[in-house]
Each structure stands twice: as structure tokens, then as C-alpha cells.
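Before any comments, here is the structure.
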2 protein chains.
Amino acid sequence: MASRLLASAPDFETAFEAFLATKREVSEDVDQAVRAIIATVRHDGDAALIEYTKRFDRADLEQLGLCVSAEDIRSAYDYADADTVEALRFAHQRILSHHSRQMPKDDFYTDNLGVELGSRWSAVDAVGLYVPGGTASYPSSVLMNAVPAKVAGVKRLVMVVPSPEGFINPLVLIAADIAGVDEIYRVGGAQAVAALAYGTQTIAPVHKIVGPGNAYVAAAKRQVFGKVGIDMIAGPSEILVIADDKNDPDWIAADLLSQAEHDTAAQSILITDAPAFADAVAQAVERQLATLSREATARASWNEFGAIILVDDFEKALPLADRIAAEHVEIATDNADNLAAKLRHAGAIFIGRHTPEVIGDYVGGSNHVLPTARSARFSSGLSVLDFVKRSSVLKLGPEQLRALGPAAIALAKAEGLDAHARSVAVRLNL
Amino acid sequence: MASRLLASAPDFETAFEAFLATKREVSEDVDQAVRAIIATVRHDGDAALIEYTKRFDRADLEQLGLCVSAEDIRSAYDYADADTVEALRFAHQRILSHHSRQMPKDDFYTDNLGVELGSRWSAVDAVGLYVPGGTASYPSSVLMNAVPAKVAGVKRLVMVVPSPEGFINPLVLIAADIAGVDEIYRVGGAQAVAALAYGTQTIAPVHKIVGPGNAYVAAAKRQVFGKVGIDMIAGPSEILVIADDKNDPDWIAADLLSQAEHDTAAQSILITDAPAFADAVAQAVERQLATLSREATARASWNEFGAIILVDDFEKALPLADRIAAEHVEIATDNADNLAAKLRHAGAIFIGRHTPEVIGDYVGGSNHVLPTARSARFSSGLSVLDFVKRSSVLKLGPEQLRALGPAAIALAKAEGLDAHARSVAVRLNL
């Protein structure tokens, strides 16, 4: 059973603080092992990838080849259901259309002193995309990571994906094909991250690495950060559903379980103003749990981290929701737009009774790579901005230098930086 | 003497690769010490700050007070030169004006299926700004970090600055006052970062921490990352000057030295097409070095990491410049605009013979917190974007759910996620 909190209870603040502080993930200490793997890949290159893949993925890259070929991709379509491929194409179009609005614009202007200033955006040249193997090998995530990179103009998008026992999900290859991934390699784990960061004989290095992975992948990304850019370190998924009793309890229960089935460390939270509705949802969760193929995972998540919070009215839910700062927030109430507009901290907001969060996972168009573990307070979901960088541009003529120079000299002198002062003064004969 | 590389030499590629791979910074391993400091601050709060400040800064916070008062700030103005304060105000206005153009715009629209989509930006609620003490306590950096936060709409901007022997640079306090910093605490090092991330009795926690610091501060920022957001980890400064022989060698030498004087690990690089000009600049550097108050620092940087690269023509300089991906690039040639437009990887570009990089350090208006150590290949200088985050918004009605639902269900089933499929299907009576 999920925990219950009553916002009007005298001990609510203490209970809510404890709830917010709950650790859902034990971070495995794999730093030493990962350090050794990275050093070996830097030293031995492809040979290390072949060796680690034999050991960890039980796959023979000398036979399969490190690089996934065009023929491999063509044959993936033979194994895939045509309707699913069509759904991937549909999702791709919608994600592409949404992300195409995100490309930032250059800004060049001349100020009142005649100084020319500018901000110029350009794409990262080469990006690596990590895709997990096994049950977490989601084709939808390939689209969500690859599309913003391609919209940004990344020329070389390199995917790495482990092939346990030699197997790669054909839909993952198809999603990569649809999204325009340029190179695919059959390698995973810390060794794949090392190959992307430092390069091997076969894999040229990239400048940024994105995509989710296990503890080894996360540790490897942290260790190569600086040498290359990385995206955020993803934590387990969360949903907060704010719902009144005009909803069908079965609908809301299904939404809560759609996060719980991801991971035993996932978290599903319901905030409602109706105690009887809360009971009805809790009962519907129990009924639906029994029908899920991932019942054990979903049940563990719901029992350990699930929560139902009862509030007097939904205005009081907002400050709680902001403190939770959930990855996903569904608002299924009257005046949902109004509540949504006041919510400050959330990765993604789903408004109204007909917008289950799952639509955002696949075909809404917005990105499903979103900030977890309360990081929506300071970070955003993946977007085109993660694949571009900005150069600032400045241009002065002699007149502008005369106008700005004296203040620069004054500040340089105040900071004790002689050569700074001189580089301006020498041009002004000061 | 700086090293010399000749782009037309047969061994140039090897030499240039080795040059790019040069490590300029030995990263001190202070992780264990920092871990202990953070744990102690979390446990003992203010008492730990008082104790560490006594030990590391030789200052008594019980007497001075942890919080810098309004009276402290007023009296800082008594110690400051009026012209310098005026220069700070001038710089502040220009930085404010430039950064005000960076606020991203919300984007709400309805697509051809009637799906409502949106991206909504909001400020991070509370930000911590670390300011170093001692010689690296730069008032200009206070402006560069604080202004974009305030433009973004950060309500609570908290500055921490160590007070070695009880002393804080009055200009740092004045810069904070001008920029609208909300709270200032006399504490530095890993203990200050811990206080910002976890809070103490006196200092409420923040959601993001920015600003440069020593190895302890950098390690502490890495360790609290996730609990709070952080900015990039700043490395030593770099300048690349691309210049022809129509420049005064003294001007270019001063520009090279303006980076070298920052740090023995700073790097100054000249690319030119004129061997005699290269010699003249090298001689000017030697002459000017002798006159600098930071001569030892600048000389060490120039001798160990400085470089002069000779190219046949400036078009050939561009791919080299992109591989160097310098923090600052000055282009002092004919057709400088043209070359600048083709440069892909640089933190900031300074165009023409009258735009010394130092103008950008203080009064250009653009930010001087820029990507170092070749990270301009994948990251940008500090901006308003670092202090805002985006929530995506999605809203469907029944008709839109019917249009999108089947593809979402197909993908959920293909990914083996029953509850995902159900949360859509249950709403469509499927």
C-alpha cells in the first residue's frame, strides 16, 4: 500500500519533509571498476571493446562486427511489426515538428555607442547516443534523443547499444534509421562511453554524450565529463497526478501504474481533495496490478514509494507540487489550465482528463527525457538547446574603444591586472 | 619562450596533436577532504562554518557575523575609489542591457490535430554565487554571474565569499550591491558550497550554485551536483589571437599577456601568416613581461604554454582554431568579419584591431564566464539560460486522444509496458 498524508494534519509538515527526503536509489559505487575500464579502452582501443563485450554481453564482435551495417538495419525491418514501424514514423514526425520550434536564433545588433554585439549558435559537431540493451532498450527513447540532435544540425550522430547474446532490438535499429543516426556500434557499458569520449581505431571520438544507462554508464559519463559534454544523469521516473473525484478511478490508477511499472524505484503520487476518490483509486490500483506483466516491479514501486496526499482544495496542492518538482505532473481537475499556469517546478505538465502522461512518452511531440529527483527546480528536459552552443561576438571601432576603454582600464587596475589595462591603454595612447 | 609551430612543416600534425593534448592543470585529489567537510556542515550547520572559517580563513565569524550587513555594504563604499565604482555601474548597465536580450520566450501553439503544446520558462527560485577570496576576488565576475541570474528573475540570489583574516574586497561587496544580490555570507571553500546545497540554521538552501573557485570548491560542486544544479567547472583561461602584420606588435603582445597574467596554467596562442611579425610580437612580449606586477605568473604561462603558429594564409587558420576551440578568439586581420563568420568553436570572438579581449572582460556587455579547455566544442558561456528552466505542456481533448492514442498504444505494447498501453486504452474504451 502507498503511504497516505493528510495536508490538514498537525504533523503534515514533518511527514511531508520526510517524504521529500526519501532516497529511492542506492547509488552503487562502481567508480573504481569504471576507471579501469576507461583506462583499458584508451590504451587498447577496439581490442578492449571486443574483450569487454565478450565478457559482459556474451557476444563475439569479431564475428558480428563492431559496426552495425546498412544490411543489418534493412533486415531489422523484416523482424518488425508493420503497425509498430508506422507508429514510430508517426511519433518521429510529431517529435520533429515540436523540436523544430526550439532552434535558438542568432542575435546581432549595434548598440547606442556603435558597439556591434552578437550571439551566434552552432551545432555540436559530433554526438554520442547511449542506448541501453535488454528490457530498457526503448525505441521511443532513441527518437527522443536523436531528433533534437538532428534538428540542431549535429552532423555526426553516433549510437552505441549493447547486444546481449548478440541480440539488438530491431525496433531500436529502425528508430535510429528513421531518426537519421549516422553510425551504430554494438557496444555498451562504460566501455562504450570510453570509446565515444576517447575514440578507438574504429570509433572516432565525439564531443558530447547523451542517453540513459545503468550505474556503470552513469559513472563513466561523470568521469569523462569535461573531456566531453554530457546530459543530465537520469534517475528513476516519477509522476504526480492532481485529480478530483470527477475522474474515473480506473483512468487515474492506470496513470499511476504507468510510472510504477518502469522501475521499483519509480514513484507515483496522487493529490486529491476527495477521500472516497482516493480510496477508489487505491482499490483500482490493486485490481490493475494483478493484470500487469510487470506486476512485481509496479507493486514494489507503489508499495514502497507510492503516496496519496489529501488536500482541502487544489490551490493548496500547488506549493506541495512545487516542492515535489516531479518529472511528470498530470492535472485532471476543473480549471486545470488555471492550476497548470501557476505550477512553477515540473518537467512536463499534462492538462485535463484526456491527456494521460503516456501520450507524452510517445507521440505528444515534446521530449520524454525529463528532470527527475526534484531537479525540475533547476533543470529542463532534453531539447535542441542541448545540442547547440553559443559564441558571443564583439566588434569595436576606434571610437567605441575610446568610449568603453577608460572604464575597462579602471576595473583592470582595481583588479591588479596590469596587462589587461595595458592592452586597452596601448590602443588609446594612454 | 613560447613554442613555435609551422603549419607547413611535415611533422606539423603530430606536433599540433601533442600541443592540443597538453594538460595544463593537475587536478588535485581533494575528494576525501571535501566529502568530510560536506558531511560536517550537514551535521553541524553554522557551527561547522564558524569552525572551518576559523581554521581556513583565520577569521572569527562569531565576532564578524556570518551575514554581511547592509551597514557593511554601505561602509564598503567609503573604502572604494569613486571612479572605480562608476566604472562598475557602467559595466553593470552594459551587461544588463546585453543579457536582457537572452530571456527565452514561452511558446504555446495548437497543431493541425488540435493538440495544444507549449514550452514555458521560469526562473530558478534560489541561486548561490560563489566568489573567491584573495587575489582572485574579482568584482567584475560578481557582475557577470549575478546579472544573468537577476535578468532571469531569480528571486533569491545568495553570495558566499571567504574573508581571509576577516577581509573582503569592498569592490566585491559594491558589485554585489549594484547587481542586486539578496544575501551575502562570509564563508568560502567546500564548506560554503555545502551550506548553499544543504542549508544551515542561518543560510537557507539554494537550488543551483554558480561561480569559480579553487580545487576544493570545484570538488564540492561536483559532489553536490544532482542535489542542486551547478554551472560548468571553470579551467584556466585561454586566448587565441589571429593577427596579420598590419598590427602593432605591442598591441598583440599586450593581448597575449592579458591572459597569461591570470594564471601560470593560462594559455596564449598567436596564429599569424608573417614570420617577422611573429618575431616582433615575441620580442614585445619579453619587453612587456618585465613591467608587469604579475610578471612571474605571466612568464611561467607564456614560457610553458604559450605558442606561435605560422600559417600560409588565414583560411588555413580556421580549422586549427576550431580544433583549439579557445575560450577567447581575437581576429585582427583584414576581412576579420569574414573569418569570424566561419569560425565554429569559440567561447567569444573579438573582431578587428580595436577590440581587445579585455573589453569583453569588463564592459563589452557579453559574459566573461566562458568555456575553457576546448569545451567550446560542446558548451557555451554563462547566460540567462543558466538560470531558467523549461516545463513542457501538453493538452488533448477526447478527439485528439483518439487521433494519437492508437500509435501510443502500439509503441507501449512493443516496449512491453502494459500499464502505459492501458492508461490510453482505458480512455478510448479499447
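Note that Cβ sites are derived from N, Cα and C of the backbone, with glycine treated the same way.
TrEMBL annotations: computationally assigned, not manually curated.
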Residue in B:His99, B:His207, B:His328 which TrEMBL records at the substrate site where B:Ser237, B:Gln259, B:His262, B:Asp361, B:Glu415, B:His420 also bind: B:His328
Residues B:Tyr130, B:Gln191, B:Asn214 binding NAD(+) per the record - widest CA separation, whole Å: 13
Cα-nearest neighbour of B:Glu327 (active site, proton acceptor) within the listed binding-site residues, B:Tyr130, B:Ser237, B:Gln259, B:His262: B:Ser237
Tertiary neighbours of B:Tyr130 (NAD(+) binding site) (same chain, Cβ under 8 Å, six or more apart): B:Val160, B:Val161, B:Gly188, B:Ala192, B:Val193, B:Leu196, B:Ile209, B:Val210, B:Gly211, B:Pro212, B:Gly213, B:Val217, B:Lys221
Cβ-Cβ distance under 8 Å to B:Gln191 (NAD(+) binding site), same chain, at least six residues away: B:Ile37, B:Thr40, B:Val41, B:Ala48, B:Leu49, B:Tyr52, B:Thr53, B:Phe56
Against chain A, in sequence order - recorded positions B:Tyr130, B:Gln191, B:Asn214, B:Ser237, B:Glu327, B:His328 with Cβ under 8 Å: none
Recorded substrate site residues B:Ser237, B:Gln259, B:His262, B:His328, B:Asp361, B:Glu415, B:His420, farthest C-alpha pair in Å: 56
B:Asp361 (substrate binding site) CB neighbourhood, other CB atoms within 10 A: 28
B:Glu327 (active site, proton acceptor): tally of other CB atoms within 10 A of its CB: 29
